[in-house]
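Features of the protein shown, as given by TrEMBL:
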TRANSMEM  B:29-50  transmembrane segment
TRANSMEM  B:62-79  transmembrane segment
TRANSMEM  B:99-120  transmembrane segment
TRANSMEM  B:141-166  transmembrane segment
TRANSMEM  B:172-191  transmembrane segment
TRANSMEM  B:203-221  transmembrane segment
TRANSMEM  B:259-278  transmembrane segment
TRANSMEM  B:309-326  transmembrane segment
TRANSMEM  B:354-381  transmembrane segment
TRANSMEM  B:402-424  transmembrane segment
TRANSMEM  B:493-514  transmembrane segment
TRANSMEM  B:551-567  transmembrane segment
Amino acid sequence: MSDRDTPEQGTGTREAQVANLFDLRRIIGGLFLLYGVVLVIVGLGDSGAEISKAAGVHINLIAGLGMLALGALFVAWALLRPLGRQLQEEERKRRAAGGA
Amino acid sequence: MSHVPLAGDAAAGVLAASDVRLDVNAVDYGILIVYFVVVLGVGLVARRYVKTSLDYFLSGRSLPAWITGLAFVSANLGATEILGMGANGAQYGVATVNYYWIGAVPAMVFLGLVMMPFYYGSKVRSVPEYLRLRFGDSSHLFNSITFALATVLIAGVNLFALALVLKLLLGWPILLGIVVAAGVVLAYITLGGLSSAIYNEVLQFFVIMAALVPLTIVGLHDAGGWGGLQDKIRQTRLGEAGLHALQGTDPGHVTNPIGATWIGIVFGLGFILSFGYWTTNFAEVQRALSARDLSAGQRTPLIGAYPKLLIPAVVVIPGMIALWKIPHLGGGDANLAYNNAIPLLMNEYLPNGMLGIALTGLMASFMAGVAANVSAFNTVVTTDIIEPYLARDRPDAFYIRAGRFVTIGGILVAIGTALIASGYQNLMNYLQALFSIFNAPLFATFIIGMFWKRMTPAAGLWGLVAGTIAALVTYVGYKWAGWFTFGSDLDESFWGAGAAFVVDAIVTVSVTLVTRPKPVEELQGLVWGMVNKEDAAVAAGHDRWWESPKLLGFGAIALGIVLTIIFF
């Protein structure tokens with residue numbers, strides 16, 4: 001493996017790698033937003049029997065709201081740390097270190 | 001340790017299984033299906049970015065520390081963690097935290113602060129490859145083969161445990177459960193390699209937490225908070241002793257539920273077993289090696305240490321709640337085995353909707369364990385056995401293709417080893433025995449080789465061989481031949497690990513003294529005091545204060561000490 005010492009080469013552009021990372025934040029965010037919506041809807045329709053099963057805690061509703069918050073947090077993170085800035089930081093670090 | 005019912009027991013228990021089976025409906029299944037669609041989707045997306053074998057096996061060394069850190073913990077959040085530690089919470093109470101604060105965090109910090117510079121700085125792609133640079137081919141090949149063997153055996157344990165849960169909760173036959181789980185793991189690893197395995201581990205981490213946190217909240221609410229739960233535990237079989245981590249562990253008058261002295265806990269568990277596992281198990285170390293630079297590599301286990309400090313809150317506490325809430329838990333009925341504490345509690349408390357999340361979280365935890373082992377297996381077989389010894393200097397595409405075939409082979413073998421695991425009454429004991437045989441000698445060789453420049457290549461090989469044989473002899477002599485007796489299977493793994501460590505060290509030192517060492521200039525970046533300077537400069541160059549590995553590491557240790565004192 002000739003490119004072992006310089007991983008930057010041959011792994012696609014830095015943009016592609018960071019886009020990969022961006023995807024993960026979006027995936028986690030998206031999954032939890034979806035789960036949150038489902039749980040909130042289920043939670044709003046929960047009968048008394050279901051609530052008393054969970055020791056009187058509206059667990060579907062509370063967990064659903066929590067998941068909405070977590071999902072929103074991840075999506076916000078992905079949007080607030082724009083890819084361009086992250087790329088620039090990478091480059092600056094690399095140059096400051098004098099490496100690669 | 002807790003008892004997993006035998007496959008035969010589970011079959012016999014089917015008649016009574018209807019009262020254990022989860023009450024799932026279409027919403028729950030929908031939640032589970034969405035999760036698997038996303039997991040496979042990540043594999044497909046990751047595939048578009050996988051261009052070289054480095055991408056495939058180490059994610060192109062491009063991942064940021066928060067991702068690798070969460071993957072590091074998640075790789076360990078498998079069957080043994082969720083079910084095993086929940087079971088221990090029910091069986092031993094608070095004392096279970098010793099497996100976290102003493103038995104994991106110090107070793108994770110040691111890996112980050114002391115060992116990562118050697119691993120990462122030498123640019124190895126695997127743990128065995130470090131042995132190759134430090135000691136040469138023979139110890140490398142020996143370790144690569146034993147590691148590959150250990151990893152498929154462990155993957156099999158995870159597959160079997162998953163199948164067991166599917167059988168108990170959903171009524172799926174054991175073999176069907178094994179094959180379906182293997183198929184999903186196979187699909188996403190062969191598609192995307194390590195990137196998709198790691199990305200899914202991060203996803204899994206959040207799904208597992210989403211399952212456990214609400215369960216803990218509901219259970220604690222029901223028990224009347226932590227104070228209420230303490231009162232309830234005092235009235236159970238565990239009594240007051242179930243509320244303390246280290247009280248009653250003085251040699252001579254042990255009253256702690258684990259039945260071990262603090263010496264056994266600190267040295268046996270906290271030093272040999274824990275350091276052996278966390279610092280040399282490639283399924284863990286691989287996550288840190290795929291970080292984007294040395295600093296991120298060092299921070300991987302350190303970032304992982306913080307969730308590890310807090311996970312007992314959502315695993316051990318539900319176990320304790322189950323002890324109070326589920327009548328006859330841990331009694332004769334296989335369905336009420338301690339191992340089922342967390343699934344039983346989920347069924348007890350969670351309405352449809354949350355139940356689907358809980359089921360998804362359980363499935364995710366098993367997949368994380370299998371995927372971590374399979375991705376480590378395909379890396380070691382491809383880069384440490386096929387590339388250097390069987391097919392040198394092929395085009396890169398050859399190794400990616402080989403990696404995919406090895407993954408398929410590994411999964412098929414793991415289905416076989418799952419059937420071996422099904423023969424063990426207690427999966428945790430089986431796992432600990434595997435660790436004592438495969439990790440304890442490796443840790444001895446590593447620690448001596450990293451700190452003693454004089455240690456010779458020949459000593460690297462013979463120390464490992466002797467240590468592995470010592471642990472094997474202890475195991476076989478106890479389990480089959482009847483040469484030794486120990487207090488329990490778990491006690492055997494303590495002594496086996498100890499024997500492996502001591503025999504390895506003695507042989508290593510003896511052989512070193514009569515053989516020729518490597519020239520010092522070939523050890524740059526491989527031994528203490530000769531860390532790769534370029535990497536050290538990168539690490540020092542861009543640390544913001546909260547990214548300092550020392551601060552993170554000592555912070556985790558301090559927090560562990562404070563928590564241990566609080567729950568003393």
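Note: Cβ is positioned from N, Cα and C throughout, glycine not excepted.
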Would you say the transmembrane segment (B:203-221) and the transmembrane segment (B:172-191) are in contact under the rule of three or more C-beta pairs closer than 8 Å, pairs 6 or more apart in sequence?
no
Most CB pairs under 8 Å with the transmembrane segment (B:259-278): which of B:62-79, B:99-120, B:309-326, B:551-567?
B:99-120
Answer with yes or no whether the transmembrane segment (B:402-424) touches the transmembrane segment (B:309-326) by the criterion of at least three Cβ pairs under 8 A, sequence separation 6 or more.
no
Against the transmembrane segment (B:99-120), which of these stretches has the most C-beta pairs under 8 Å: B:203-221, B:354-381, B:402-424, B:493-514, B:551-567?
B:551-567
Cβ pairs under 8 Å with the transmembrane segment (B:354-381): which stretch of B:203-221, B:402-424, B:493-514, B:551-567 has the most?
B:203-221
Residues of the parent chain within Cβ reach of the transmembrane segment (B:493-514), under 8 Å, 6 or more residues beyond its termini:
264, 268-269, 272-273, 276, 429, 432-433, 435-437, 439-441, 443-445, 448, 452, 454-456, 458-460, 462-464, 466-471, 473-475, 478, 486
Sequence-remote partners of the transmembrane segment (B:62-79) [C-beta within less than 8 Å, at least six residues beyond its ends]:
108, 157-158, 161-162, 195, 198-199, 201-202, 204-205, 208, 283-284, 287-288, 290-292, 295-297, 299-304, 307-308, 311, 365-366, 368-370, 372, 427, 547
